[in-house]
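Per TrEMBL, domain 'Glycoside hydrolase family 29 N-terminal' is recorded for 5-350. Annotated site 'May be important for catalysis' per TrEMBL: Cys282, in sequence order.
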Amino acid sequence: MHEDPRWADLPTRLPDWYRDAPLGIFIHWGAYAVPAWADPIGELGTFDNEHEWFAHNPYAEWYFNTIRLDGSPAQQHHQDVHGGAPYDDFLDAWDAAAFDATAWADLFRRAGADYVVPTTKHHDGITLWEAPGTGDRNTVARGPRRDLVGELAAATTAAGLRFGVYYSGGLDWHVRPTDPVGMEGGDEIMPRPLDEEYGQYCTAHVRDLIDRYHPDVLWNDIGWPDENHHFGPGGLGELLEHFYAERPEGLINDRFSGAHHDLVTTEYQAGSIPDGETWENCRGIGLSFGYNQVEGPEQYMSVAQAIRHVVDAVSHGGRVLLNVGPRADGTLPGPQVAVLEGLGEFMAEHKAHLAGSTGLGELDVPGATWARGVTQDGTVHVFLSGPAGDLDVPAEALPAVGAWPASGVHVRLAGEDAPPVAVSAPLRT
């Protein structure tokens, strides 16, 4: 499918801004925020049975799919609460009345993020801007009656952050209806459209996003229609060439069905990282990307867990795209805001140690239950968590690249639920 030598001629980029960005913010917001319901069974990557996973899908943004799976808890919930109403009723009920893009962008900046990637079209096919060919099935014509992508793009760039766009090229259950993903007895676990006509529809959308909003990240999902993998008019190859020409510091993720990528993405605990690849882990603060009213404290990350997740990714050479799921009215749930604010307090002190660093990975430090290290600008930084109390760490237990005091270091840990403590030393010369 990619025999054309022009695929190999596409650049592979690691722009400075992205190399130095330990944290981005993902936003999953759509009509699915109106029902805001999913079965919170666990994290992606922890279930072997795919049919069970999709029937109990904890992703609220998959509501349109899950309610079509016979016997699923979501189908029963949809019947009991919404009387089996058509999914598009949720688009009309979505008002976004309290949405303030400037306030969101300010929160993301204070959290220590460098880039923001909102959904522009998820698998339900509803676009958050007046996308070509969508008729009235977008947020300008119905529901919020606002260009949500445009408002986010303007606020994000005004806050000094990079702007990216998520787009589902692999699925569109309205334009290309398929059997439900995960259906028992189906021909395949994830049926998706492969035809050129749908591919042209998608390339027109993404080209419009590039030309209107000037994103620095193209974050596609679930693949790209096979028949559109060409460099002719309206083809994926031509689209990627256009993006690189328009956005010299832009980059592309790895979910275009193997066509081309600048970065590899993992999701919760699913996915692997090939050696030498630029990579990013995406996950929600809870078990869902879209807002799920069922989730409570037991599903949400704590501030300390979120901090450790970011530091762990950076210590292994990656970064984190941490998701928020707004409510239908445009407010962010309090527990998600609290995590971002706590993360921001840590990043205000330590982001400079993480940005552009070289990871040392997981460390074995006696007395600590969690330890990660990085080197940055001539200094070694070690982050430690463990039971509350004083901890004396001998020099030989710390990375040998650091010029540690012969007597080691003394730290006071505040407990497993507290942010990690950092100790630093100059690199050995």
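Backbone N, Cα and C atoms are what each Cβ position is placed from, and that goes for glycine too.
If you draw a 10 Å sphere around the CB of Cys282 (site 'May be important for catalysis'), it holds 22 other CB atoms from the protein chains shown. Per-residue pLDDT, averaged over the domain 'Glycoside hydrolase family 29 N-terminal' (5-350), rounds to 96. Mapped onto three states, the DSSP output places Cys282 (site 'May be important for catalysis') in strand.
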